[in-house]
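> Let me begin by handing over the structure; questions about it come next.
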Amino acid sequence: MSTHTNTISQPDPKRWKALFLLCFANFLVIMDASIIQIALPSIKEALGYTQESLQWVMSAFLLFFGGFLLLGGRLADLFGNRRIFNLGVVILAISSLFAGLAWSEMILNISRAVQGMGSALIAPAALSMVMQLFSFSNKEKGKALAFWGLSGAAGGAFGIVLGGVLTGFFSWRWPLLIYVPLSALVLILSPMLLRKSDRIVKGNIDYIGAVLVTASLMLIVYGIVTAEHSGWQSSNTIISLIVGVVLFLIFLLVESKTKEALLPLNIFKTPHLGIGNIGVFFVQAAWFPLMYMVILYLQQVLQFSPSAGAMAVLPVPIFMAFFMVVVAEKVLAKFGMKMTMILGFIILGAGNILFSQLATVDGTYVISVLFPSFFAALGNALAYLAATTASVSEVESEKSGVASGLYNTNFQIGSAIGLAIMVAIAGTTTNSSNATSAVTALNEGFQQAFFWSGIVAFIGAILALLFMRSKK
């Protein structure tokens, strides 16, 4: 049976500096999924991608990131958080160098896949360390999780801005190469600020479980990514999703009979963990496609340039910073996880519905984008902090790595499924539109996607109301 050693005996005096480093690492991981987005046309021209194959610059990263998160969390439990964290940063740095210097499609795709693997080691190990650093005070833990949530939201938004600036002033290679010095900085600061792994779970790697869950998650993510481009009725989509789900069910069966399981199923006995992870899934399914569609609306309907469109979403992380640190933490402390999550989902849903009504063909930036962004960001901050707290704050220390991996998996899968569904809704609406202009038809698709992403948020509120117990 697994045991753990070297438990933390006193608060780390460097914990706030360590938190900054871990949040910065999380910022880099989340940013990596979006920083290359504006550079895609330049990459297509430089390396000879087709329109169909270009998706793999993004998808290769998401596929391996989502597929290896649970394994990354378990490895952090087995071999120590700091060790796995540093290994992930090294992998990210080396793969980013190869990606930035890529001379062919294959080299770039492989490098992006390895970037995803490195990120899958970093994210769960970093969150696990955050939970250990602030395990002594619920008040400090709440503030730490608020900063963690802020780092992820900022990474997604700033990735688009930074990617646009680097591509515009230099070349498409720099959004990738920038990760080399940034990763080196993290590695330099790591031994200064992060404690050597305070505990290592004694046990063996569940190789069968690792293969099953990694294969199943990769197939599920692949099916979702394929659905965005080929449709839900595509044979590739259907077969990938069915086989992925079957493998995941087999994985759960194997884990129920394995003593040293990759995913100990008794972890779901942890109060609020299950509904917390469901909450994370629905937050991302409502929020991620919203931001994606807003960028497209700015460029394709309001006729913003790519760089101007990127700068136009810059207020969103500023809103998030204020709401996450100043508002959400206080609301969570006063009203508890259940009420905070419900309130957050309702406001997020209302913000998305506002987008569907105000984002018109003749709209303006302030009314059509900035105004509804204020409410959507507030709702996201509340729901995200409550869901994150529910997912990881009450987990036993020896399972914090795998709990963090589970949390990050739901974060990524929620984003991918939400985006695939909203892209399908927008595309179907646009194609069936009777509008007299292409821009009007395109905008009708965006409005429907905004509307249904709001419905997703309302479903999250209903689930929190029904299945989460009241607890501050």
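Every residue gets a Cβ built from N, Cα and C, even glycine.
Unlike curated entries, TrEMBL annotations are predicted automatically.
In case it's useful when we look at the structure, here is the feature table from TrEMBL:
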- 18-472: domain 'Major facilitator superfamily (MFS) profile' (DOMAIN)
- 18-41: transmembrane segment (TRANSMEM)
- 53-72: transmembrane segment (TRANSMEM)
- 84-104: transmembrane segment (TRANSMEM)
- 116-134: transmembrane segment (TRANSMEM)
- 146-170: transmembrane segment (TRANSMEM)
- 176-194: transmembrane segment (TRANSMEM)
- 237-254: transmembrane segment (TRANSMEM)
- 275-298: transmembrane segment (TRANSMEM)
- 310-328: transmembrane segment (TRANSMEM)
- 340-359: transmembrane segment (TRANSMEM)
- 365-386: transmembrane segment (TRANSMEM)
- 407-429: transmembrane segment (TRANSMEM)
> Quickly jot the same-chain residues contacting the transmembrane segment (407-429) by Cβ under 8 Å, restricted to those at least six beyond its ends, or write none.
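That would be 62, 65-66, 69-70, 73, 120, 123-124, 127, 152, 217, 220-221, 224-225, 227-228, 231-232, 276-278, 280-289, 292-293, 388, 391-392, 444-449, 452-453, 456.
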> Relative to the transmembrane segment (146-170), which of 84-104, 116-134, 365-386 accounts for the most Cβ pairs at distances under 8 Å?
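Most Cβ pairs under 8 Å with the transmembrane segment (146-170) come from 365-386.
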> Can the transmembrane segment (84-104) be said to touch the transmembrane segment (310-328) if we require at least 3 CB pairs below 8 Å and skip pairs under 6 apart in sequence?
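Counting Cβ pairs under 8 Å (6 or more apart in sequence), the transmembrane segment (84-104) does not reach the transmembrane segment (310-328), since there are fewer than 3.
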> Using a Cβ-Cβ cut-off of under 8 Å, list the residues of the same chain that are 6+ residues beyond the ends of the transmembrane segment (116-134) and lie near it.
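Non-local partners: 8, 11-12, 15, 18-19, 22, 25-26, 28-29, 32, 60-69, 71-73, 75-77, 81-82, 84-85, 87-92, 95, 140-141, 143-145, 148, 194, 198, 392-393, 395, 397, 400-405, 407-408.
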> Give, as a single whole number between 0 and 100, the mean pLDDT over the domain 'Major facilitator superfamily (MFS) profile' (18-472).
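Averaged over the domain 'Major facilitator superfamily (MFS) profile' (18-472), the predicted model reaches a pLDDT of 86.
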